[in-house]
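A.B. asks: Not my notes, these are from TrEMBL:
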type	residues	note
DOMAIN	341-449	domain '1,3-beta-glucan synthase component FKS1-like'
TRANSMEM	521-540	transmembrane segment
TRANSMEM	584-607	transmembrane segment
TRANSMEM	648-669	transmembrane segment
TRANSMEM	1460-1485	transmembrane segment
TRANSMEM	1506-1529	transmembrane segment
TRANSMEM	1535-1557	transmembrane segment
TRANSMEM	1601-1619	transmembrane segment
TRANSMEM	1701-1718	transmembrane segment
TRANSMEM	1730-1751	transmembrane segment
TRANSMEM	1763-1785	transmembrane segment
TRANSMEM	1791-1813	transmembrane segment
TRANSMEM	1834-1855	transmembrane segment
Amino acid sequence: MARVYNNWERLVRATLQREQLRTAGQGHARTPSGIAGAIPPSLTRTTNIDRILQAADEIQAEDPNVARILCEQAYSLSQNLDPNSDGRGVLQFKTGLMSVIKQKLAKKDGAQIDRNRDIEHLWEFYQRYRRRNRVDDLQREEQRLRESRTFSANFGGMYSDMRRIFSTLRALIEVMEVLAKDADPSGVGRLIQEELRRIKKSDMGELTPYNIVPLEAPVITNAIGVFPEVRGAISAIKYAEHFPRLPADFEISGQRDADIFDLLEYVFGFQNDNVRNQRENVVLQLANAQSRLGIPIEANPKIDEKAINDVFLKVLDNYIKWCKYLRIRRVWNSLEAITRDRKLFFVSLYYLIWGEAANVRFLPECICYIFHNMAKEMDAILDHGEINRTESGSVSFLEQIICPIYETMAAEAARNDNGKAAHSEWRNYDDFNEYFWSPTCFDLGWPLKRDSSFLLKPKKRKRTGKSTFVEHRTFLHLYRSFHRLWIFLVIMFQLLAIIAFRHGDIDLDTFKIVLSIGPTYTIMTFTENCLDVLLMFGAYSTARGMAISRLVIRFFWSGLSSAVVIYLYLKLLEERNDRNSNSLYFRIYILVLGVYAALRLSLALLLKLRACHALSEMSDQSFFQFFKWIYQERYYVGRGLYEKLSDYCRYVLFWVVILACKFVFAYFLQIRPLVSPTNIIVRLPTLKYSWHDLISKNNNNALAIASLWAPVVAIYVMDIHIWYTLLSAIVGGIMGARARLGEIRSIEMLHKRFESFPEAFVKNLVSSETKRMPFNRQSPQASQDMNKTYAALFSPFWNEIIKSLREEDYISNREMDLLCMPSNTGSLRLVQWPLFLLSSKILLAIDLAVDCRDTQADLWNRICRDEYMAYAVQECYYSTEKVLLSLVDGEGRLWVERIFREINNSILEGSLFMTLKLVKLQLVVSRFTALAGLLIRNETPELAKGAAKAFFELYVVTHDLLSENLREELDTWNIVARARNEGRLFSRIEWPKDPEIQEQVKRLHLLLTVKDTAANIPKNLEARRRLQFFANSLFMDMPPAKPVSEMIPFSVFTPYYSETVLYSSSELREENEDGISILFYLQKIFPDEWENFLERIGRGGSTGDVELQNSSTDSLELRFWVSYRGQTLARTVRGMMYYRRALMLQSFLERRTLGVSIPTTQGFEFSPEARAQADLKFTYVVSCQIYGQQKQQKKPEAADIALLLKRNEALRVAFIHVEEGVAAEGKDSKEFYSKLVKADIHGKDQEVYSIKLPGDPKLGEGKPENQNHAIIFTRGDAIQTIDMNQDNYLEEAVKMRNLLEEFRANHGLRPPTILGVREHVFTGSVSSLAWFMSNQETSFVTLGQRVLAYPLKVRMHYGHPDVFDRVFHITRGGISKASRVINISEDIYAGFNSTLRQGNITHHEYIQVGKGRDVGLNQIALFEGKVAGGNGEQVLSRDIYRLGQLFDFFRMLSFFFTTVGYYVCTMMTVLTVYIFLYGRIYLAFSGLDRGISLEAKMSGNTALEAALNAQFLVQIGIFTAVPMIMGFILEMGLLQAVFSFVTMQLQLCSVFFTFSLGTRTHYFGRTILHGGAKYRATGRGFVVRHIKFAENYRLYSRSHFVKALEVALLLIVYIAYGYTEGGTLAFVLITVSSWFLVISWLFAPYIFNPSGFEWQKTVEDFDDWTSWLLYKGGVGVKGDNSWESWWDEEQVHIHTLRGRILETILSLRFFIFQYGIVYKLHLTGSNTSLALFGFSWIVLVAIVMIFRVYTFSPKRSSKFQFLFVRFIQGVTSLGLIAAISLLVVFTDLTIADLFASFLAFIPTGWGILSVAVTWKKLVRSLGLWDSVREFARMYDAGMGVLIFTPIAILSWFPFVSTFQSRLLFNQAFSRGLEISLILAGNKANVEV
């Protein structure tokens, strides 16, 4: 046993050592090590075991005995808390802790331990520890500083030590308090009790958990509590004497006074942590509102009434509007009638309700209802002064109010069957919220009636009923939501067609025909009303009676009006034919239409005026309200969707231009050319059909005319988007040019305009506080003085930006030195510019001077041609004078002064050439350079002698520089001569000690030695791009910067699930199948950044990976270096924390001091005031949804997140904690908590808040639920939404306070509620695909968003880094919507919601945020599929419907074509190909094409060519590229834009865009038909790997390959049987776009697949594909491994009867091939009998039977059975060959007929398969499913072979693979990347 015990001891020690090594080097904060770092979460929740063990670890070396006492106490606590070790990891923890205790006992060398004396040892150590660490002095100093409200600049250095000391003391006190219970009450026990009483009166607030403001206990290390506005806010919420008295037993948490939150907590039973959270929220909001008005200067600061009113009105704005809408009385009568205390009570109550509402936060009007009732209760309490406490304690609000609502929502959410059920089957968040849009919501009662219809839980197979809208899955929503658009297009088409068919004659007869638009309009309006009635099915039982009444009235009214108009028009036509008519009906008809049109137009125009809107809102006239209600349904949202008249005129003009161009194009190139062919076809005599025609034979060739017009009509519907794209590109380009985008587009431009940067920077980005900084100004010239001031203000920011570029390894140390700018605060007379502008200028100036033979003025003019050369010369001269004077005294100083005085005089007199021999100048400069080279080093005796000697040599050569007269004067100067003769002259120099002199010496040396041209600095392209954009933005319009203390506070919010946080060391070196690791890849693609990284960590360029791994610090830095180049959370956190750094710098320079002034910017990060001011204005919360589970499971992501917390003190992490337990019934139960943590002094997670939730928060989509649970922890008035793949830059963070001022700027009728921000896609350089995606995304987020925001006023939120008005949105449902599936694109609904609730969304381009995008084709396809599916769901949504209905007509056009309309037009582009080709094969099969051409020369190709050309240009992405090209021209210049566009075309971007067209069409259409939209994880890694053929086939088979082969089949049939008058050339021209589409859809995945044409990969891919194809599926087998499993997965989306019927209808198109080809066979001749088609089915059945014979394989068979089967198969083969031979010989059957039959039966078989799959259950019941599956396998095998064969052939030629690599990775090549070497993984060659 002893041996076992010893082994266990060694195992534990080894484990603890390994744990310590693992956590070593993970940041600057102290990390919990050993057993203290492995405490189960269940033990730390209610005890401080972690703190006790940390203290034990801390004092182990000082007193092991006390450490043992602490460990034993920790063990006792864990045993008491969980005696049975039921919790996760508890048993292991106890075992390890006991082992540690035994180790400590073993170190006593066998000495007996007297545990009775433990308490005495502990007390003695406690006293000794307090004395040694001077705790009393620390506390006195803390109290003094707190009372004086001043801070020492170096106090921050004591911060971590003091907190560590207090933490250890807390642990000692806690253990003493437990042990003192058994101690001698007259001895040490009494002393301990006295000490405990003293401590309770004192303060150790440093360790009390807090978020931003230490409200529970004041903290000296956080200056935020000393700010007057914060103290005023705390004072404002204090408990007043006239409030109802709190019970005596009510405990006030912490060391604070009672406040209004305590009363609310006691009365309503809010959770304590919710109260703490919202207390801080309200304090910060009040403080920031006050700072906006002015900082209080009184001794006891107070919050102004205006600040309280601002907060009150903003927080309760939605409640006020809700009361007004429902026409109910608010809780207060008027704003003037309520006191400031009541206002604060109302605000606090609202926030407490919202903070604990969990998922109910998605129901903003439900929260208004709850607030309304609770506020009335609170009002009564305040009026009567009596408190009635809630019954259920601290969670009564959650249990009584929130839980019933949540449980009902959860029950409804469970009915959605994980997103598979129809939306109409269950109530979503919107349905619940809209219940409160009607006064009937008060039927819910207060307290809530559990039996109300609202809380009615759904029963099996029985709906509870929707509210006001039902999301039926149908394309009809497109017509219903945007019926005005379709009516307009149809009427205009009708109008143009009538004019065209009347040959342009405008007369009375034509006018009467034109009036047929009246019936068209009324019929289409009636259709829309019918859809309203039909699509409301599912809500009739629960919808408001008024809404149903409106539907019925509109239905009957539109039906009646349609009937009347049609009747009148028919009578009008009769009058037209009767020449004797008196035109009575014509006049009546004109009167009816005229009156209706006049009323609609008048109403529409009047509603554009703001006064009319206000009047309509105020009017209570029943008549007026009735017609307004009929005209436009009155929702709570969507009221007042109008803009300023000037804005309205702008977007009307925009659309008038588009519509004019569209209709001119449509008339002259689409409609008019088809008039003549149509008339000819109609008038043709009966044509002979070559098949059995069933429809148009005796109907004027109706299908022939439809085939001719159909593609033209399809293009007519979608080409409006083409015109929109063109005009938006032009308008966007003009707007961008006016905004001065692209003015600085190269590093040369940056250099030329650098001189103007400081002034522009100060004008825009420096607040008035900073401008008042004192500077040493000695120059008498005012302009020079201002330039110097501007430079002094600019330089700290510029240098921090350069420093950040160095930290990010974009520049080297040398580049940093050259780019940094002197402080310009010294006594030097002129502005000192960065050295990269002045480099080599001095040397060039010397050459000019030496070679100059002209006058002094001519020399200076030549120098001044380069202004930076002039600056360099002047600075060098003045600095040299100052440096030389500082080095010497006595006679040497006199000599220096005399030399410079003579030179200055000669310059003034213009006689410099007479005073100096400039030929000797180079020698003098070389001597001075040598002297400066010595002075930049640290002083030593040897260097001092060398410097003196160098100075004397400078004196000697300077003597030669002077003219002879001056030289003689100096030689005879007695003072200097005597010193020289005595050896005293320059014998000793004063080494530079003054920092200013040291800086000037270093600069002079660089000025004189740097020879690099400025054009190469910085070398890194990303560094250049960032500096260029920053410099350009300085000249753009932006609001002036407010001081940090007055700026709008904001939060940054990032949702995270389980993506990569930080790459691990193993991930860096893990090689893919090509032998490529992430690290190797990045080293090659970013070689300069890798060198800079090695330089930064002090390593040589030849350092290997293994050496870095051996150092824990370097290994961690390497992990961060790689992670900062990927799309990781670490990169995002680093970028967002730049906001805090920028705010600290800005605040520091504004000198908001509290007792001390700090003269320099060095160490601003440690300024307590700057840190506090930044924390007051900025909060960063990362919502890591499953962080708690990751910690429990010890996943690396948890450790990495903890590491980020340690490295970023202002970072907060919110997560959902799941508490597992056992309910009273014995069932497992779970409790959910929303938690916020930060890093404590030990670097360990410190829980700040823990708020219990009513249940699992994930009822809908994951991301919005993740955002919703954590948004309560954000602060400020604004919130920026940042995705996990984004980045930020310090130079952009500096501009954030300017951006936030846009909320106060004038942007129309309403203040902005969302500020759009420009993005830069940083993944564009990885590959050509990434470049395409980057350019496409960049054009959308710049030019596209620019036009959407202004003039169109329809910009929404697209998941970009937009800045939200936080209070506006959290009181209106949040920053996204979360209903399952329908809100899959959750972000855009924030824009919809904001617009519907009278928000205003703007866009700003002077600031940018980085963003990563998908870089591989599969990633891009998954992303586009997700977005397209999301748009398909949007079509069904109520938000789209309401915006489509409530926008004015022109704004509705903008909205449609920039949201779902884009995908509709995309789908129409593809459908045009189908419509054209199916129309053509109809003409070919029926023989009409030849017949019409022979009977009459058909000349309608003009319209067809125009339509097909437009389709082709859209298909290949030309119109996608137009905004892109405009952006290129604007920001890069014309030549660069042309070059980029040509490069993209050479890299086959048209193939990519055509392929993307198919992706969007497939997912958009399928989502509307069948649903199935879902979040598709694209992966954000580095994609330079080969994708296997089978993987591509699985992903694209149904979305692209099947459709491409169908189009190819149509084209082949058209070739075989079609008739084209122009011959082959005409056929090629008319079908080239279709062939391009086929090739792109079939081969793009392989063209853009790395190593796609490498022979070895091709062989491996074929083996893998055949294995996958033949592998049998089964239970648990995934589609990635088996064709059968994949095939089953592909059918999942067809699960409804409606979907099956639609799929069946769509599948019928495949049978037309067989029907047409049968009548084209030589065998059938001219027979058109329908029996032939029937006979063809007999042949098909025979073929199927033969196939079954060949594929029959019995599962179990004897040898005889096997031989018999083979015999039957052989006989069948011989019989088949004989039968075919006889048919060919004795009948008209030809070989061509056999191929034609193959063409006919292939699509028929696919059609049968499609129908069989659709009706799977029926086929399975008939026993045919196995046969269907085998046929399907055969089809997939055939398709795979067709695609694979060309790939295999091309793989034979090595140059194809080389060309493909060049094609794919051209961008990488341009950066010096040998991609072919990387793909081959040839590391050995690289290392050699």
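Just so you know, the numbers here start at 1 and follow the chain as drawn.
Cβ from N, Cα, C; glycine included.
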A.B. asks: May I ask whether the transmembrane segment (1535-1557) has at least three C-beta pairs under 8 Å with the transmembrane segment (1701-1718), counting pairs 6 or more apart in sequence?
C.D. replies: no
A.B. asks: Answer yes if the transmembrane segment (1834-1855) and the transmembrane segment (521-540) have at least three CB pairs under 8 Å among residue pairs 6 or more apart in sequence, and no otherwise.
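C.D. replies: No, the transmembrane segment (1834-1855) does not contact the transmembrane segment (521-540).
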A.B. asks: What residues elsewhere in the chain lie close to the transmembrane segment (521-540), defined as a C-beta under 8 angstroms and at least 6 residues from its ends?
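C.D. replies: Residues 424, 463, 465-470, 472, 474, 476-477, 479-480, 483, 486-487, 490-491, 548, 551-552, 554-555, 558-559, 561-562, 565-566 contact the transmembrane segment (521-540) from elsewhere in the chain.
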A.B. asks: Would the transmembrane segment (1791-1813) and the transmembrane segment (1535-1557) count as touching if the test is at least 3 Cβ pairs under 8 Å, pairs 6 or more apart?
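C.D. replies: The transmembrane segment (1535-1557) and the transmembrane segment (1791-1813): touching, no.
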A.B. asks: Summarise the domain '1,3-beta-glucan synthase component FKS1-like' (341-449) by DSSP state, stating how many residues are helix, strand and coil.
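C.D. replies: Summed over the domain '1,3-beta-glucan synthase component FKS1-like' (341-449), the classes give 82 helix, 0 strand, 27 coil.
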A.B. asks: Just to confirm my parser: what is the rounded mean pLDDT across the domain '1,3-beta-glucan synthase component FKS1-like' (341-449)?
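C.D. replies: Per the prediction, mean pLDDT sits at 89 for the domain '1,3-beta-glucan synthase component FKS1-like' (341-449).
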A.B. asks: Would you mind listing the long-range same-chain contacts of the transmembrane segment (1601-1619), meaning Cβ under 8 Å and 6+ residues beyond its ends?
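C.D. replies: Here the qualifying positions are 1470, 1473-1474, 1477-1478, 1480-1481, 1483-1485, 1489-1490, 1493, 1558, 1562, 1593, 1627, 1631, 1634-1635, 1637-1638, 1641-1642, 1713, 1716-1717, 1720, 1796, 1799, 1802-1803, 1806, 1839, 1842-1843.
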